[in-house]
Amino acid sequence: MSGKERTEENGAVKQDTKEQVKKSADNGDKGVDEVDFAKIGLEDAFKYLNCSEHGLSGAEAEARLKQHGPNKLPDNSRNPVLVYFGYMWNPLAWAMEAAAIIAIALVDGADFALIVGLLIINATISFVEESNADKAIKALSAALAPKAMALRNGAMVTIDAVDLVPGDVILIRIGNVVPADVKLLPEHGADDYETPVQIDQAALTGESLPAKKFTGNVAFSGSTVKQGERHAVVYATGVNTFFGRAAALISGTHNVANIQRVMNRIGGLCLITIGVWVVIEVPVQFAHYKHSCVAGKEGCPTLLNMLVILVGAIPIAMPTVLSVTLALGAYKLAREGAIVTRMSAVEEMAGLDVLCSDKTGTLTLNKLSIDPSNVFPVGTMDIPEVMKFGALSANIITEEPIDMVLWESYPEREKLKSEYKHTKYFPFNPNDKITIATVLEIATGRVFRVLKGSPQVVLAKAWNAQALDGPVNEKIKEYAGRGFRSLGIAMAEGDGKDGTKWEMLAVLPMFDPPRHDTKETIERCMKQGIAVKMVTGDHLLIGKETAKMLGMGTEMYPSEVLIKARNGDVEAPHGYKNYVAMVEACNGFAQVFPEHKFEIVEILQEAHHRVGMTGDGVNDAPALKKAHVGVAVADATDAARGAADIVLTEPGLSTIVTAVIGARKIFKRMTTYAKYTISVTFRIAFTFGLLTVIYDWYFPTILIVILAVFNDGAMIALSKDRVVASVLPSTWNLATIFVPGFVYAMWLTLSSWALYQVATHSTFFERMTPLPSLNTQHATLISWCEDEISSKLGVNPQDSLCTYPSYADQLNECKGSVSLSSQVPGVPTILDQCVTEQRYIRDALTRALIYTHLSVSGQAVVFVVRTSGFSLKEVAGVSTYVAFALAQFGATMFGIFGLGGYNKPRQNFDNCQFCDYSTHNRVLFFNSEVEPRAGTESVYTASVIGCGGYVIVAWIWAALFYTALDPLKWGLMWIMNDDGFRDRHAWRKSNHEAMERRSREQLDNKEFAGPSGMVPANFSNPLGRASMSKPVSALLDRKSASLVAINRSSMTVSHDPNHALNIGRRSMIGRPSGPLGRNSNTGQSNPLNSSSVEIKPDAPNKV
């Protein structure tokens, strides 16, 4: 569309809208919202906005900001109260809430209060920790807030997009997300033609192709500039934009993160386990043990006992610990320069095994330099003149790297500002790969154009392209072989209207040096199981040369090979089975367009790789979205940042690797807790399920709640634990969580059952220690009570309890005319009462013992599951040790002092004479001194009395069984090959055997079928270097040879054999040769050893 046609079109609609314009103007600011700016002309738009093409003043902008508000949508933040209670609304919390309902229904106020308290504590910790982490991440993310270039006070300045107001004149260019609804202004210097700005509106309108926008057209907030740049006037901001009005009608999708699925599965398995044990326990207790269930307080101890499994087998803290670990980890990543825009991306980053990286700015410094002496002129101009035209081609306003290096490379650049002026500028875009500047020479009025860009594209536009093809392409290859990027420069007289042909001026070499840490970072990636593939738009030879410098491997292909292979060309995969195998095996691709990045990601994902892709441009957005982890590098465009999962604030590959390792540490902490919580919850369910079914043994719910508060609360410390990142990509494998967790749970269940069995069914502890007996076997109790009654009371154990004075006054059966005979109907004997009391007190002591052992042995599992090595050797974080110490100190104190009986029996006496015989001191019960009455054992609830010195037994017992957990872990890791455990050991073994075999072959004088100049490898010479097969002194005594000492930058030659001999011998003093020529004590490389020596009879001074 020509400028004239557009003017006529605007004129046609102008008359139709004149009344609307007038009406809106009369209504003041309200009219701005009502006017259809797409249909009115620029003059009317400026009138309504009360502004001009020169923008606004600072004071006016500030006043409008107060009037119209910030340029952002209202915060979609949820009510904090609803967020808080949301932590109590999930399947795990529902189970706890069901337990609370059962407790209150059974008039068990203490358990009800404790369960509700546990829910509140859990929700509070979740709310506070996640809120703090979220605020911290938002604060760090503020630096990534969208910016805009606005004309304020007559100068173009960069401001936060949120501060834009109607009437601002802004500059939008390629890669920008349009920050507000705008109307395009005329292109600078355009007359009868103009270059359209291409804007992607797919997110707003669904259009698949970018829309071409001309002067007077509107562009909506949220759309992306795909090509071109233009000044525009803002007419709507915030909620008044097209996007803002539509936002209320858009319902966002709820994506369930992988971590949520994992939590659901773990929670589901725990609920199934609970259900199984409830189905088993209830019939056994009611049918086999003949328990009753009546109304009233403590009237149904069977159901109260169900609460032990219901509360203990629910990992109530799991959502808290895992979400807090993820949030705090994301905050730490943000501080290290990697801001997470999608929380679940942390998990996916941990599983990354292929990273496709840009070359420029990521692997290299993106600090270009031009050496004028290496410039290759192809016309009549000399080099200074070529550099002048290069400077004139640059648009220094946008500060693009190539523009800036061209400008800075011309010494007299400041003079150009007063002698020349840009009248029009065609910006770079990934498709055309050129820029065109129309330049006016102020003194003469001469107009000419300067073109720069890809040398092949520039060459194709030259009028004599055929003649220049050979020398230009040869020079491009020469530059590429030296690691230089090439830039073509051309010029043409006139403004292009007369069809003047282009004349190519020169090819300029630009060098972008690798970052100092890139090579080391790539080596770290390889050690971490991440394959780094270079994806660059530069020439293939440049890519290979850079890859060679970085030690990446040089198996690279141009992108056209990939396209041919995918389109069915059987020869294109270069000998590989198919294009997928080629992409997997190669080290990268060159001459890549943005759409090729998408193809590369898609192919790698077809091969089941977890793919990361870096990008910075607007056309990189599809590939960034497609990748499992899209990484927007530092200084990326708004569009790239919007599409990325991770936004880097620091340049370079090292930040990405640091983020990957950090993500793996976060993942390690989450899997550590997952294994821990599986083992602990299963252990509680199986331990108390078995004890109840086999022995009809009860345990108070209060201790399980306290256990959850102490141990699960302490596990928050895992979110900050010191862990070693996995050397392999980490993904959720529930088998490696459930199976070890179940095995550890069974082992711990065995330990608890064994402790209970030894304590209550044997005399081991009373024989081996001065501690009181906990044996509750009926025969043992009868024998013990008979001896105690006879020796201490001097009465017949078979006499009625009425004959014992302290009980006679309490029993109605003993009062009145009843004779204190040896036998009273309905009154138990002294022996019966003693047995009942002893069973009661010993069970109460045993519960304190079992509780202490449960707590210590259960939480100690975390030290086993947090590392694949020896748990006592691998040091955990200080917070983990402190949390363990505090939790177990509390548990030990409960074990020592108990709860004063906790619950008194339903039928009782005021004293417990025979309890004292067992504990050696007075038993202090809850509220009052009470005891059970013989014959009512099945209707009293479980009490807890401090077991004193038995806590030492609990610790020792836990320690003994702990010693087997590491071997169990290693066996499981071997069987399941967890974290590549079996592969690593198999590799070490095969490598060891291979080296031994080669050593034996050498000793047996077998012929070595290896490369020329090599010998069989052995332990002293692992690389099989021939020079190491002879003594160093024999090598140095060859006087006819010149010794060449090699370093990284050059090879210095000594022609004096004696000098070389002394240097060599000096360097070897005190340096025993270890593998790879390293000092076996220090691990440092020798400056001169047999692996860095080459003999050359006639060597020049420098090579």
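From the backbone N, Cα and C atoms, a Cβ is placed for every residue, glycine too.
Annotation source Swiss-Prot lists active site, 4-aspartylphosphate intermediate at ASP358, citing similarity to another entry. Annotation comment: Swiss-Prot describes ASP616, ASP620 as Mg(2+) binding site, evidence class similarity to another entry. Summarising the annotation, Swiss-Prot assigns compositional bias 'Polar residues' to 1078-1093. Positions annotated as region 'Disordered' by Swiss-Prot: 1-32, 1054-1103. Taken from Swiss-Prot, the feature transmembrane segment applies to 80-100, 101-121, 154-174, 232-252, 266-286, 306-326, 643-663, 690-710, 734-754, 845-865, 881-901, 944-964, supported by sequence analysis.
Where Swiss-Prot records a feature, it is marked here on the structure.
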{"residue": "ASP358", "record": "active site, 4-aspartylphosphate intermediate", "Cβ within 10 Å": "24"}
{"residue": "ASP616", "record": "Mg(2+) binding site", "Cβ within 10 Å": "24"}
{"residue": "ASP620", "record": "Mg(2+) binding site", "Cβ within 10 Å": "28"}
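Between the transmembrane segment (101-121) and the stretches 154-174, 306-326, 690-710, 734-754, 944-964, Cβ pairs under 8 Å are most numerous for 690-710. ASP358 (active site, 4-aspartylphosphate intermediate) is 11 Å away from ASP620 (Mg(2+) binding site) when you measure Cα to Cα. Two recorded stretches are said to be in contact when at least 3 C-beta pairs lie under 8 angstroms, sequence spacing 6 or more; the transmembrane segment (80-100) and the transmembrane segment (734-754) fall short of this definition. ASP616 (Mg(2+) binding site) sits 9 Å from the residue listed as 'active site, 4-aspartylphosphate intermediate', taking the CA atoms of both as reference points.
Among the listed stretches 643-663, 845-865, 944-964, the one sharing the most Cβ pairs under 8 Å with the transmembrane segment (690-710) is 845-865.
Residues 32, 49-51, 53-56, 60-61, 64-65, 67-68, 70-72, 145-148, 180, 182, 185, 197, 219, 225-237, 397-398, 427-429, 617-618, 637 of the same chain sit 6 or more residues outside the transmembrane segment (154-174) yet have a Cβ under 8 Å from a Cβ within it. Under 8 Å from some Cβ of the transmembrane segment (881-901) lie the Cβ atoms of residues 700, 702-703, 706-707, 710-711, 713-717, 844, 848-849, 851-852, 855-856, 859-860, 862-863, 923-926, 930, 943-948, 950-951, 954-955, all in the same chain and six or more residues away from its ends.
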